[in-house]
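Participant: Please find one structure pasted underneath; my questions will follow.
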Amino acid sequence: LEFEVLTEPAQLLQASPLMRRSMAIALLGAAQFGWLMSEMAHLPFNNKQLCAAPRTPAGQCLLYPGHSNAEWNMQSSAWAVGGGLGALLSAYPADKFGRKRTLGYNGIVMIVGALVQMLAGDIYSFAIGRGISGVASGVAINVLNNYIREIAPRQWRMFYFNIVQVVIGFTALCVTSIMYGIPKLPESDWSFKPLFGGPIFLGLFQLVFMNAIIESPVWLLQQNQVDAARSAMDALYKAGDIDDHFASVAASVGRQMDETKSSSSKMALLLSPKYRQQLSIALVLGTMQQLSGLNALIVYGPTIFKNIGVRDLRLVNTFVNYGRTHNMILAMAFGDRFHRRTLLVGASIVMSLAALGFTLCQVYPNDTTKYIIVVCTLFFVSSYSFSVGSMGWLISTELVPESLGATSGALATACTWTAQFFVGVYFQQLSSVDNWGTQAFAVFAVLIVTFALFAYYVVPETRNSTSDEITALFTQSFDDAKVILGNDVYPVMETPRAKP
């Protein structure tokens, strides 16, 4: 692979202040995702051994004292189950009612989920609230990804997609910082239960300011609202050749809608020979976004930091979320300078090596490896941010035409949630001393290196490409077809492989 730094293409479009405002409101869904991802990370909420003890020590097992490990896993997995359901359900309202209204009214689901969690009197009611909140998270991520894909200037697409990850990481950092305010010996449940009500305000803001979101011009064109689409595009961009861009998008959407109407359904079209390979790649990318092992790595966090002298284990979550946010900011700032496929393959290889080093340090612990394992963790998290962490949803969204984006994205993000469910439920069992123990993380090293090979041979280059150009990579409409990708020209081969 040639790690070639690419020069920026001419900036055809520049985001207007109205677009930035619209993005900020839409990103409230990403903030809710980050909140739910981190709100259960306070260690005194659950300790497997202490919660199972006949007498729970003061300040431990705070959330529904006496709960079993199975009950805790139930509430943990409820968010993932709800997220998968929300992702699958999100395609219909996004295509029927638009990106703007789907994102806005999703705020109601955020509010309901947070209220149920905050007021729940037992862990079963709490799990229901987590499931409802998961539905909101699943809807938000899929619709938000497609909205960004449709409005972001294509030379800055990775920048805007990674804002989603930055907001998720920063919100998680804020939530874990709030946890420092929870007393070690709370006087009542209401010393920490308001934490679960935070998404109420996010949902309210999403609902109240919904009308400030500019509807996607692509969706408006799909509804034959040509004048409204042109007005939306004029509002979104402050400079660039908007006339040519609008004409190009309108022509592309017209072809897509003709194709969609000729098929029995969007799902049937996605499963047709023309798009089934793109869909398959998108599903793998969505799955690996969680199956790469980052969440599993967090399981080891307390032990790792305790071994190097960190006594306040709340710092573990702070370090992890700060590192994730910082690395995603770097990926946001520099990612568009590189070919997507080069970063995806190269950083995945580094991830697999870091995972292998992490496992060896677990298997052979000593005074040296307890520091080496921290280095391996840093390399793993950094590489994740520059590979599938930042590009799993991005490339999977770019692979299919906009008319199929919500449906394909629903399936891909459902795979993300499914992978999160399996990692959350089964990895702790796999890593127990009765099973694989310290060797368990090697599973992810194997999965990641397999994914790197998959990406090298199957995933095409999508940087600076329109949906028509990407579709042409997978079709043989004429002999020796040529597709313009960024500043380079690639022949359309029988097996699509873009130049790294």
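Note that Cβ sites are derived from N, Cα and C of the backbone, with glycine treated the same way.
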Participant: According to TrEMBL, transmembrane segment applies to one of these ranges: 126-147, 280-301. Which one is it?
Facilitator: 126-147
Participant: Look at every Cβ pair spanning the transmembrane segment (194-214) and the transmembrane segment (103-120), keep those 6 or more apart in sequence, and say whether at least 3 of them are under 8 Å.
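Facilitator: Yes, the stretches contact each other.
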Participant: State the non-local partners of the transmembrane segment (439-459) in its own chain: residues 6+ outside its ends, Cβ under 8 Å from one of its Cβ atoms.
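Facilitator: Sequence-remote neighbours of the transmembrane segment (439-459) are 1, 281, 284-285, 288, 291-293, 296-297, 300, 341, 344-345, 348-349, 351-353, 355-356, 358-359, 362-363, 388, 395, 427, 430-431, 495-497.
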